[in-house]
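Peer 1: Have a look at this one before I ask anything.
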Amino acid sequence: MIARPTAREARDSDPHGHVHGHGHGASVRVDRRSALALWLALAPMLLATVVGLVLLWPNAAELPERMPYFAEGAGSTHATASAAPDAETALVPARLDDGTAIEVVVPPEAMGQIGDGDRLRVFDVPEAAGYGSSYVFVDFARELPLALLALVFVGVVVAVARWRGLAALAGLAGAFVAIVGFALPALLSGQPALPVALVTASVVMCIVLYVAHGFSTRTTTALLGTLIGLAITAAVAWAATSGVRIMGTSSEESQLLFQQFGLDLSDVFMCGLVLAGMGVLNDVTITQASAVWELREVAPRASRRELFRRAMRIGRDHIASTVYTIAFAYVGAALPLLLVMWLTIAPFDLQLTTGEVVEEIVRTLVGSIGLVLAIPVTTAIAALVVPGAADADAPVEAAATPRLVASP
């Protein structure tokens with residue numbers, strides 16, 4: 001018959017004293033007491049999320065009227081450029097989809113971008129006829145290339161991650177529904193920004209974690225660590241926004257929200273800080289929880305302190321790489337601003353403390369602080385939840401190749 005080796009035999013079969021396992025931690029069984037303690041810690045947060053959804057749910061009567069995208073008498077249509085724009089007249093010959101030949105007024109910033117065959121989105125504005133044509137260039141028609149890029153993204157994710165990738169895409173769609181269906185209307189209806197951000201982030205994390213990674217104690221551990229990390233991020237965001245005196249007026253969209261709808265832009269900025277922290281927190285917490293589970297599988301006799309210490313080695317590497325990711329992502333997004341700063345002759349401290357630059361700095365620092373603190377928190381929770389050190393002679397699942405023993 002086939003007999004499984006004991007932990008000591010599995011250990012002795014490895015010259016380095018390690019027990020090797022495979023899979024995704026299925027052999028690590030969490031006892032009921034630890035699972036119950038985990039859910040008792042998580043339950044108040046989930047209850048607060050549900051209560052927050054009910055209390056903060058936007059009232060349709062309190063929502064502002066939506067703005068029309070087109071001015072009265074104007075309409076949007078697609079056209080195909082027949083040639084490059086004329087630099088003297090600022091007009092480009094084009095044809096509408098029904099074959100009608102037209103000329104399109106092109107702004108200076110788009111003159112060098114349009115070529116023969118480009119698909120254009122144009123407005124028919126009768127009042128613009130004085131500029132040479134009633135058709136005005138608005139933007140490129142990007143539906144087809146954008147759809148192709150999205151299909152490539154979905155194909156790559158599914159091809160590499162398979163069912164897990166498909167589940168992640170489903171979770172992403174659910175998160176989008178939560179943000180569009182709750183967070184945006186709640187902010188526009190005047191609900192407090194920080195509670196809206198926390199409730200939205202909690203709902204999104206429940207969706208994406210359980211849909212992408214399945215219902216398990218490991219996922220629940222990552223969820224608890226993520227929610228604690230979000231609470232830390234929210235506290236730091238509030239302190240930073242208040243202490244640095246962020247006004248949130250750096251973009252035209254922000255100015256529009258203030259002038260037309262009277263929104264508190266610093267609150268909107270603070271909400272954005274919390275929502276921006278969701279992605280990186282989810283990444284590091286699920287990684288740390290998985291690291292502890294895998295370490296327990298291959299080292300069943302290690303103490304909880306040892307598991308925490310080993311997992312934090314992984315976490316420190318993750319901190320370094322993810323902090324770089326956050327910083328470089330914001331550098332890329334703020335590149336035009338950085339170019340203007342480089343061209344401007346002004347004291348460095350003055351440029352560094354202007355509203356636009358400060359917003360980017362605060363985004364980077366707040367997100368990084370929440371990320372860094374979430375890693376030890378999640379690692380500690382996982383080390384407490386996984387089973388304790390196994391007895392030397394306790395059976396180990398999936399630790400080594402089973403040995404054949406002759407039946408009597």
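Note that Cβ sites are derived from N, Cα and C of the backbone, with glycine treated the same way.
According to TrEMBL, the protein has these features:
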type: COMPBIAS; residues: 1-17; note: compositional bias 'Basic and acidic residues'
type: REGION; residues: 1-26; note: region 'Disordered'
type: TRANSMEM; residues: 36-57; note: transmembrane segment
type: TRANSMEM; residues: 144-161; note: transmembrane segment
type: TRANSMEM; residues: 168-188; note: transmembrane segment
type: TRANSMEM; residues: 194-215; note: transmembrane segment
type: TRANSMEM; residues: 222-241; note: transmembrane segment
type: TRANSMEM; residues: 261-281; note: transmembrane segment
type: TRANSMEM; residues: 319-345; note: transmembrane segment
type: TRANSMEM; residues: 365-386; note: transmembrane segment
Peer 1: Quick test of the contact rule: Cβ under 8 Å, at least six residues beyond the ends. What residues does that give for the transmembrane segment (319-345)?
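Peer 2: Contacts with the transmembrane segment (319-345): 280, 283-284, 351, 356-357, 360, 363-364, 367-368, 371-372, 375.
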Peer 1: Short question: most Cβ pairs under 8 Å with the transmembrane segment (36-57), which of 144-161, 168-188, 194-215, 222-241, 365-386?
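Peer 2: That would be 194-215.
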Peer 1: At a threshold of under 8 Å on Cβ distances, which of 168-188, 194-215, 261-281, 365-386 pairs most often with the transmembrane segment (222-241)?
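Peer 2: When the Cβ pairs under 8 Å are tallied, 365-386 comes out ahead.
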